[in-house]
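Here is what TrEMBL records for this protein:
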type   : residues : note
DOMAIN : 2-92     : domain 'Chorismate mutase'
DOMAIN : 92-267   : domain 'Prephenate dehydratase'
SITE   : THR260   : site 'Essential for prephenate dehydratase activity'
DOMAIN : 279-356  : domain 'ACT'
Amino acid sequence: MQQNTPTIEQLRARIDGIDDQIVALLNERSRVVLEVGRLKSGSNMDFHVPGRERQIYERLLNVNPGPFPNDALRSVYREIISASLSLESPMKVAFLGPKATFSHLATMQQFGLSAELVPLKSIPAVFEEVEKEKALYGVVPVENSTEGVISHTLDMFVDSGLKITAEILLEVHHDLLSRTGRLEDVKKVYSHVQPIAQCRQWLEDNLPGIPVVDVASTAVAAQIVSEDYSAAAIASELAATLYDLKVVRSRIEDQVNNFTRFLVVSRKGCERSGNDKTSVLFSVKDEPGILFRMLEPFAKRGINLSKIESRPFKKKAWEYIFFLDLFGHSSDPQVAEALEELRLCCQFLKILGSYPRSM
Ligand SMILES: C=C(O[C@@H]1C=C(C(=O)O)C=C[C@H]1O)C(=O)O
């Protein structure tokens, strides 16, 4: 028995052999992706197809027998696809900056490390960059599971012609960062209002009486703290790397399961992936029973709604617009019929996009 046990050297030689095969296969895959790219450009199709990517992830996570973990498989494939796309041309993606914000993390999670990421100062600036064709995609936050919707993003869709082509769900963790890494050195805490609200209890329990200052973003907080040894920032782990800070305490958020949802916008819509969501924006006529009638087309077809949000219509006092997310693609016959029926009780209706459901 004993003499059959392979040595570390033998096992490492096997790993080297497997790695050679992986490299050869990655190159073979890249050549096929480039071939698909040539076919697409011949027929004027988009090179990047998020729906197809979702199908790839879904299939691989289903066939993976382990022990290689599914989360890791997803990350590996995100980079494989990101690098394959960049062989054709690097994809430019604008996001709500500065660097190291949660929008930055969400953008990296969706597009991988080979995309060219451009931080911008505001949500309107992200929309404009895409509208003016300076970026192919834009990433903006739309809601947080503990703090609710980011109304600024929803309001942008009223006038913008951009389409939603993907959603990103990011699990949000907040870390306390400082130059020294020691809790006893912290005499002031900086962060954005939302993370401050999300860590309120932790701050009271661990830093009672220490002043907390809200600034424009977690990244600005990290930047201030990088020059002040007596201050700490509530920010992401990525901010620690970018601003050369130490982690005083990690995951200080009061609520576990804290997610932020981001939307990816672009100038073109997205093909059906088979597991999609559709977002619409509309304003209804002021009539009795209208709220019932606007939901009826979906209820009677068994179409699931995942969200409904109303916002004041800024162009007319006391009128409201609704944002509705439903499961299905606008090209699904049932969804298309329901939307046509909804249109009958609307002053206006705009389909903001159909896109693959986040996984
Ligand atoms: C190869 C394709 O083009 C792109 C690259 C993909 C990949 O690397 O697998 C998947 C979808 C597209 O974004 C395709 O559409 O099949």
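From the backbone N, Cα and C atoms, a Cβ is placed for every residue, glycine too.
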Checklist outcome for this item: Secondary structure of the domain 'ACT' (279-356) by DSSP, residue by residue, totals 22 helix, 33 strand, 23 coil
Checklist entry - What is the number of residues in the domain 'Chorismate mutase' (2-92) that are helix, strand and coil, as DSSP sees it? => result 71 helix, 1 strand, 19 coil
